[in-house]
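According to Swiss-Prot, the protein has these features:
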DOMAIN    10-278  domain 'tr-type G'
BINDING   19-26, 87-91, 141-144  GTP binding site
């Protein structure tokens, strides 16, 4: 392996941002791009009804509602590090897409609202990170408003999420008395002016807590800060990089993303401490990012990122080797060699053609319906990357057309949207209905909105008597045929042709499982 390849791998940081809705994740994303020089002015999310929307929220429905319902990928350069930032859906209904994004990152940044502490979505996402031992850095946001005491917030994180906290910055006051942060990582005090949308050219830095300027600037809060820091240096957990990388400890920063408080300090610590691209598991062996042979997997498909082009993009995580524009790779699921001529890198909706890319990078491959979530591409070895599941949906709707002449457009729209993983599509064995299944109900609104805006299809939903689904398998062909005959009314094929049992209740599901012990019912399914 060349020195240059190792250097390129080592300077990459690929991470996702996770939080409960409204903790300020989109604002923080904007500010990271601002400090990285990727944008000159933050998108002022509060002005979302005006013409300017947050850079990472580009779909029409997101701009109307002010929620992130798809995950964007953004690349920027900071202090000679190449950073790939994956912005995950902020609404609790989008946990499945968020999970898939977390399969493509090496670490995560958790955003917590200082007034609310740990909330339900944060807890769920943390469970996903735990399954993969993903290192987590924490940003406690909205210190410019009144909130919980900093020590109480740390205790809440430790108790609720069962992870040790190591504060690397400390707030000076909160709400109207918020003056800035003391950086324990660099032993520096940083004072900011509120309300800056553009990147500040310089910050006031005071390195000695006994500096008399501290009293001039902070007044009575100066002594409180000195007491806090003395207490922390004696009682708080010291930051241990190895424990962070194992997922046992989270370094914590305090700040106010909307006012640029504490964001750059966190970004500085992040690029120095966050992991380089990690090895990736396959069905046969672990793939090191330092290997020379090219490999990677598709973790997301997004239709119509550019409505003018009616395109579909497959988001692809490079796991090893170097990507070169125009290179020939093997698409293993379909057993074909393909040339990737026009791969793209992303800056939210802006894109650029990529000439070369390295492990940790996320590239976009144009997809005309042949690529699916979970697909593996390599230049040699037949590999299959693991850990990219679908979850059993909990909510269901039947789709009906207002105009029967639009049936082809409806079918095309539903198939493409199901391929994205935004919703699951089922076709019952005994009729021609389209049944949609989702992990959360907001997904149905998104699908209806996108059918109308992107496929010019007016449709309505009808309720159906389903409460849960399971993918079914049986090694005994005769038993499976008998099962299909007896349970036909509850059986459907999903978009990939997998047989699925749709149950009207958990009780009905349990009863059927007892009746058919040779049939296996799966709650999750790996993408083929």
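Any Cβ shown, glycine's included, is placed from N, Cα and C.
Note that the structure is a prediction, hence the values are computed from the model and not measured.
This view paints the features noted in Swiss-Prot onto the structure.
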| residue | record | DSSP (3 states) |
| --- | --- | --- |
| 19 | GTP binding site | strand |
| 25 | GTP binding site | helix |
| 88 | GTP binding site | coil |
| 143 | GTP binding site | coil |
For the binding-site residues 19, 22, the one whose C-beta sees the most other C-beta atoms within 10 angstroms: 19
Those residues of the chain, 6+ apart, with a Cβ under 8 Å from that of residue 143 (GTP binding site): 114, 171, 174, 178, 181, 254, 255, 256, 261, 262
Number of Cβ atoms other than its own within 10 Å, given for residue 25 (GTP binding site): 27
C-beta crowding around residue 88 (GTP binding site), within 10 angstroms: 25
